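Asker: Below, the features straight out of TrEMBL:
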{"type": "DOMAIN", "residues": "68-103", "note": "domain 'EF-hand'"}
{"type": "DOMAIN", "residues": "104-139", "note": "domain 'EF-hand'"}
{"type": "DOMAIN", "residues": "151-186", "note": "domain 'EF-hand'"}
{"type": "DOMAIN", "residues": "188-223", "note": "domain 'EF-hand'"}
{"type": "SIGNAL", "residues": "1-19", "note": "signal peptide"}
Amino acid sequence: MDLRQFLTCLSLCTAFALSKPTEKKDRVHHEPQLSDKVHNDAQSFDYDHDAFLGAEEAKTFDQLTPEESKERLGKIVSKIDGDKDGFVTVDELKDWIKFAQKRWIYEDVERQWKGHDLNEDGLVSWEEYKNATYGYVLDDPDPDDGFNYKQMMVRDERRFKMADKDGDLIATKEEFTAFLHPEEYEYMKDIVVQETMEDIDKNADGFIDLEEYIGWQAYQGGDC
């Protein structure tokens, strides 16, 4: 696959990633955009660079010389070539774009995993998470900032239990990822809806009225 074919393939894969239908019920939790650049290859390939590399990695490439960029791209292409046959297929490129799009999730999970797997057994129990996250709150039930950490802990425990498929209150890395990023998992959608309702329904009457909805949208910085 030469460079022109590769960029054409990249554009097709980008279009594929964006073609998934979006229903109104998905307006609260959206998948991250591939790029905030304009997708117009006649002007530039900036959008494709963000989609292919991830926005943060693309910024790094902008600072490299052409020789350094070529060398770095060669290393990335070897990672994309899953079967190591020397060719990048459309499916391999799709998988890479999905990975680049969600890289921040994996990085967040890795960072938090190290801080919560206290006994380093490759698992995170609810007790480990609770002690690492809320230990100081349990020691001081009335923190100075007045925030209701106990309520947050109850909410986290509820989400942890739903992410924990086998119900042993010990999370594998996949279950821990579902706990931290429930919007990425089909079986966690009920908890996403429940938590979103709780965030918007300020008077806790079980309904969202227009004032609550507009207030939440204004807080999110979104459009109604």
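A Cβ is built for glycine as well, from the same backbone N, Cα and C atoms used for every other residue.
These numbers come from a predicted model, not from an experiment.
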Asker: So if I exclude everything within five residues of the ends of the domain 'EF-hand' (104-139), which remaining residues of that chain have a CB under 8 angstroms from its CBs? That is, six or more out.
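Answerer: For the domain 'EF-hand' (104-139), the far contacts come to 32, 149-150, 152-153, 156-157, 160-161, 164, 169-173, 176-177, 180-181, 184.
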Asker: Would you mind listing the long-range same-chain contacts of the domain 'EF-hand' (151-186), meaning Cβ under 8 Å and 6+ residues beyond its ends?
Answerer: 29, 102, 105, 108-109, 112-113, 116, 122-127, 129-130, 133-134, 137, 192, 195, 198
Asker: Over the domain 'EF-hand' (104-139), what does the predicted model average in pLDDT?
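Answerer: Over the domain 'EF-hand' (104-139), the predicted model scores a mean pLDDT of 89.
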Asker: Please count the residues of the domain 'EF-hand' (68-103) that DSSP assigns to helix (H, G, I), strand (E, B) and coil.
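Answerer: Its residues fall into 26 helix, 0 strand, 10 coil.
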Asker: Would you mind splitting the domain 'EF-hand' (151-186) into helix, strand and coil residue counts from DSSP?
Answerer: 25 helix, 2 strand, 9 coil
